[in-house]
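Straight from TrEMBL, the features:
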- Gly41, Gly42, Pro43, Gly44, Ser45, Gly46, Lys47, Thr48: ATP binding site (BINDING)
- 20-257: domain 'UvrD-like helicase ATP-binding' (DOMAIN)
Amino acid sequence: MRMMPKLYLRAKLLPYEGKVLELTEHRQALLATEGNILVLGGPGSGKTTIALLKADREIQTGNLKTGQRILFLSFARATIARVAQQAGKLLTIEGKERLEINTYHGFTWNLLRSHGYLLRKGRGIQLLLPPEAAARLSGIEGDARSQEKYRLFFEEGLLHFDLFAEIASSLLSRSQSLCRIICDAYPIIILDEFQDTNKEEWALIQSLGEHSRLIALADAEQRIYEFRGADPMRISEFIERYSPTSFDFGNENHRSRGTDIAIFGNDLLTGANKSKTYNDVNVSKYGFYGGCNPHYPVKTTLIASLKRQLKSGKDDWSIAVLVPTKKLMLQVSDYLGAKSDNLPSLQHDVALDTEAPALAAVLIASLLEGAPTASEIAQRLLNDLCTHIRGRKGNTPLNQSELALVNALGDFLQSGTIRGIKRKRIVETAKLLGEQRFELKLSGDPGKDWLSIRDMLHVCNAQEFMQIADDAKYLRLLHKGAVLRSRLNELWRKSGSYIGAAAAVRDALVQEHFSASLKEWRGLHVMTIHKSKGKEFSEVIIYESRHHGKIVWQGADAKAHAQAKLTLRVGVTRAMEKTTILTPGSDPCLFL
Ligand SMILES: Nc1ncnc2c1ncn2[C@@H]1O[C@H](COP(=O)(O)OP(=O)(O)OP(=O)(O)O)[C@@H](O)[C@H]1O
C-alpha cells in the first residue's frame, strides 16, 4: 500500500456556502491520484467531502466516456440524502448530473429487478417489503429463517432485503458479461462507511472491483454495525486485495472546528474524558423532577438549545436528540409533541421504523377497496389483521400470545370455528367492520375516506383493530400522506372507486423505500444514536433514561461495551457546535 505523506503547505482555499474549503496538498494529491484509493480519517475529517470533489474532478477532466457515471454507495437513505445535499452545494452542474448517489439496496434492487430473472430460469422477481417479510418469517428462527428466505426467493420469486447483496454478487459472478456492462456504466465507485460493510456487501464490492476503480471511505472507530456483520478486518482486506493509495486525515476535524467535540470523542476511546472538562461537550447528570414526565430533562435541555439556535439568527440550524433505543425514541417523541409540564409542544421529525405504519396503510387501503359482500370484506380484514400482527414489530419475534392468536385466526379462516372470548370478539368485530364498510358511502376525497376508515377502526370493540388505527397515525410523521393521497386520487379519477388501492399503496411504499428523501436536515430531529451515523447537526443532545434505554447496560460483555463506546462517539461527533449528554445522576453512564 502506498501511503501519501501529509503535506499542509500551499493549501488552496475553495469558497463554498459562505465557508472556505481548505484543500491541503495532501488533499490535492488525492484529487490527482489514479487507481484504487482508501481514505481514512476520524469523524468530520472530510472523507465524504473530498470523495465528492474527487468525483467532480474525474468528471471535469473528461476521464469518463459518454453515458458513464460515478456511483456513490452508502447504507441508509437518510445518509444519502445528506450526501446529496452536500453534493448539491459542492459539485459542478455536470458533476451533479453524472454522479449517482444510491444505497446498496437501491443499487442492487435496480440490478436484480432487470436481471434477476437470470437466476430464476427466466421467472421474474418481486420485492418482499420489510413488513411483509416480517409477517412471512414470524415464528421461524435461526438457520430455518435464512433457509426460508432462500426458499421464498428461488420458489416464489420473493426477494428479502437481507439477500440483496448476496444475490446481486452471485449474479455478477455468474455472468461476467453483465458484470462488465455494469462496471462499464460505473467505472468509479465510491464506498461510503466502508468499515461497516458485511460479508455479502464485500463480496458484491469485489465483483464490481474486477473492472471498476474503487474509492473506499473508512474510519475503523466508527464501526458500529458488528451485529449485522461488519468485520474489524474489512479495511485490511481491502488493502490486501486492491493495494490502494491511502490517505489518512487522522484526527483532522472540519465539522466542529474550533470546538473540543472531536477531542472528547477521541478521549472517550481511552477513558481520558472522565478526568477532563470540555467547553463544547457538556455532561449533565440529571436528577428527579417530581410530578413531571420522566423525560422532562431532555425537553428543557432541547428548549435551551432551540433558544440558542434561534438567537443566532441562522436559518439552517438543526438539533438532534439521540437516544440508545427505539422504545425511548418513541417515548421522547411523544413527550416532545405534547403540551404538558408547562412546556410547549415541539414540532420535530422522528426516524421511525416503517413496518407497523406500512402494514396499517395496506390494511386501510384494502378496506377502502372493499369487496362485493360484507362477509368478504370481513374475511379479508381478518387476513390482513394476521399480516399486521405478524409484521408490525419488524424483526422482533412474536410473543406466545400473539403467535397463538394469529394461528387461531388463520384456522378460523379455514374452518369457520374459533374458541375463546377474546378471539370471538375479534371475529365479531371484523364482521361488524365488514358491514360498516359495506354500508359506507365513499366521498371520492381520499383524505376524508381514509379518515372514515381509520376512525371506524379507532372506535371499534377490539384492541387489535384499534392498534391499526394507532399505527396508521405515524404515516404523517413519516411524511407518507401526500404520496398515498395522490395514488388513491388517481384510482378514484379513473374508476370512481378504490379498487386496486391495496396494491397501489403497497407499490407507492416500495417506491418510497428506494427514493432518497431529499429533505434538508434542518429543525428538530429525534432518532437512535445508530441512525445518526453519517449526519451532522448544529447541536446534539444525547439522552439516556433512568430505567431503560441505557448507553451501556450494567453487566454488558466486553464486546457490547466496546460497541457501545464506539456508538456513543459517533453520536457525540455529529455536532458542529455543541453536544450535551444527559445521564441520570442516580445511575450515570459508565463512560462519563
Ligand atoms: N477541507 C475542508 N475544509 C473545510 N471544511 C471541510 C473540509 N472537508 C470537510 N469540511 C466540512 O466538514 C464537515 C464534515 O465533513 P465530511 O462530512 O466530509 O466528513 P466525514 O469525514 O465524512 O465525516 P463522518 O465520518 O463523521 O461522517 C462538513 O460540514 C464539511 O463541509
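Using the three backbone atoms N, Cα and C, a Cβ is placed for every residue, glycine included.
Any TrEMBL annotation is an automated prediction that lacks curation.
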* Structure fact -> Lowest 10 Å Cβ neighbour count of the binding-site residues Ser45, Thr48 is held by Ser45
* **Neighbourhood of Lys47 (ATP binding site) by C-beta distance under 8 A, where only residues 6 or more apart in the same chain count** => Val39, Leu40, Gly41, Leu217, Ala218, Asp219, Phe249
* When the pLDDT values for the domain 'UvrD-like helicase ATP-binding' (20-257) are averaged, what is the result? -> 88
* To do: Mind giving me a neighbour count for Gly44 (ATP binding site)? Other Cβ atoms within 10 Å of its Cβ, every protein chain shown.
  => 25
* Structure fact -> All chains considered, the count of other Cβ atoms within 10 Å of the Cβ of Gly41 (ATP binding site) is 21
* **Environment of Gly41, Gly42, Pro43, Gly44, Ser45, Gly46, Lys47, Thr48, the listed ATP site - residues of the same chain whose CB lies within 8 A of the CB centroid** => Asp219, Phe249, Glu252, Asn253, His254, Arg255
* To do: For Gly42 (ATP binding site), list the number of other Cβ atoms lying within 10 Å of its Cβ atom.
  => 23
* Structure fact -> Filtered by Cβ under 8 Å and at least 6 apart in sequence, the residues in the chain of Pro43 (ATP binding site) near it are Asp219, Gln222, Asn253, Arg255, Ala262, Gly265, Arg569, Val570, Thr573, Arg574
* Nonlocal neighbours by CB distance (under 8 Å) for Gly46 (ATP binding site), same chain, sequence gap 6 or more -> Arg27, Phe249, Glu252, His254
